[in-house]
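Worksheet for the structure shown next.
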Amino acid sequence: MKELENKILEEGVVLGDDILKVDSFLNQQIDVELIKKMGKEFAEHFKDKKIDKVFTVESSGIAPALATASELGVKCVFGRKKQSLTTSEDVYHSSVFSFTKQVMNELIVNKEFINEGENVLMIDDFLANGQAAKGMIAIIRQAGANPVGCGIVIEKSFSNGRNIIEEMGVEIYSLARIAKLEDGKIEFAE
Ligand code: 5GP
């Protein structure tokens, strides 16, 4: 998605050799018009998969997941990283290693929100080592639902997340693929 690549080049900040900061349009302030276009792009790509639900992880996946669910006319569910007082006892959970925080997080979803036989599309802001997506797939499978695809806003294709997720039999579609983050420069994959 050319507009997203341009935005990354204009506003993305490279931290070290492997972190891209995009707080100005995705991770803290949200460029609503750009997010809506992402939703259209994901919905168009996955339109033949008979999606019943869009699933993401709080908090940065919610905006693109919501835009996609809105385009598809389905509900959007997000996994929580902490049990809250309003989370029921009856939950699916998996453990996810957080790339940016370097800690183990829980991923928790009330059982009533993902149902057996549903076709679930996962959406997330970044794909690095595939841990967040792996955690989502584990929950979808615990529910007896089908992980039918994974839409990623920014894929760091120098990490091995794509291999891990494709080996689990799930298709990935990324809007921007970064081949290299080096010396503060961003290089996109072909
Ligand atoms: P993974 O689970 O694939 O290793 O990493 C993906 C998760 O880590 C995403 O949900 C995202 O929140 C976070 N993440 C990974 N790499 C980056 C990055 O370069 N920048 C930002 N802002 N988040 C990242």
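Glycine too: its Cβ is placed from the backbone N, Cα and C atoms.
Per TrEMBL, the feature xanthine binding site maps to Leu20, Asn27, Lys156. Counting only same-chain residues six or more apart in sequence, the Cβ atoms lying under 8 angstroms from the Cβ of Leu20 (xanthine binding site) belong to Ile8, Gly12, Val13, Val14, Phe126, Ile154, Lys156, Ile178, Leu181, Ile186.
Residues or ranges marked as domain 'Phosphoribosyltransferase' by TrEMBL: 25-157. Along the domain 'Phosphoribosyltransferase' (25-157), the predicted structure has mean pLDDT 95.
What TrEMBL lists as 5-phospho-alpha-D-ribose 1-diphosphate binding site is Ala128, Asn129, Gly130, Gln131, Ala132. In the three-state DSSP scheme, Ala132 (5-phospho-alpha-D-ribose 1-diphosphate binding site) falls into the helix class. For Ala132 (5-phospho-alpha-D-ribose 1-diphosphate binding site), the same-chain residues that are 6 or more apart in sequence and have a Cβ closer than 8 Å to its Cβ are Val57, Gly61, Val96, Ser98, Phe99, Leu107, Asp124.
Each residue contributes its Cα atom, and for Gln131 (5-phospho-alpha-D-ribose 1-diphosphate binding site) and Asn27 (xanthine binding site) those atoms are 18 Å apart. Counting only the Cα atoms, the space from Asn129 (5-phospho-alpha-D-ribose 1-diphosphate binding site) to Asn27 (xanthine binding site) is about 18 angstrom. A straight line from the CA of Ala128 (5-phospho-alpha-D-ribose 1-diphosphate binding site) to the CA of Asn27 (xanthine binding site) spans 15 Å. The two recorded residues, Asn27 (xanthine binding site) and Gly130 (5-phospho-alpha-D-ribose 1-diphosphate binding site), have Cα atoms 18 Å apart.
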